[in-house]
Amino acid sequence: MKLGHREQQFYLWYFIVHIPITIFIDSSVVIPAKWQLGIAQKVVSDHIAKQHDFLLSEKPEWLYWFVVLELVLQLPLFVYFVNKFWNSSELQVNTNSRLKKWLRIYGWNASLTTLICIVVIFKRGYIPYDVLKTSLSMTQKCQLASVYLPTFLIPLRLCFV
């Protein structure tokens, strides 16, 4: 399935926006707080409080390694994809087998790791910083999962280019 012009523009901006999100937000799972910008710490802290994101609060080891993979594999790919989408015509993007291969690899990696996060949210979601680890309500789980859902669905489409 090819990417049309509008889809290419969408993914161009998706990757542009995802670069600072990866650097300042997602990286908070692996980078010690003393090396993070204050504003990034506040954004993460506010997100955890508002969305009850126990994963970003808890930072389980498996999530740590997912984020390491995001920083080592996906972040350089974001720059590569931005360059390719910015400087290529629709025909070039759809006929560039190397680009398509990397889009698929990114798609599978990002959608699978995010799917695991979503499953964990529904399986054991709880309110962060609560001593009793009170379970999230179904509404709260759905709200938190909806934050993760775009980073499952958007990359999933790339598995089929």
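Going from the start of the chain as shown, residues are counted 1 onward.
Note that Cβ sites are derived from N, Cα and C of the backbone, with glycine treated the same way.
Membrane topology taken from Swiss-Prot puts N94 and R124 on opposing sides. Here the listed stretches are 11-31, 62-82, 142-160, and the one with the most C-beta pairs under 8 angstroms to the transmembrane segment (102-122) is 142-160. Taken residue by residue, the topological domain 'Lumenal' (32-61) breaks down under DSSP into 23 helix, 0 strand, 7 coil.
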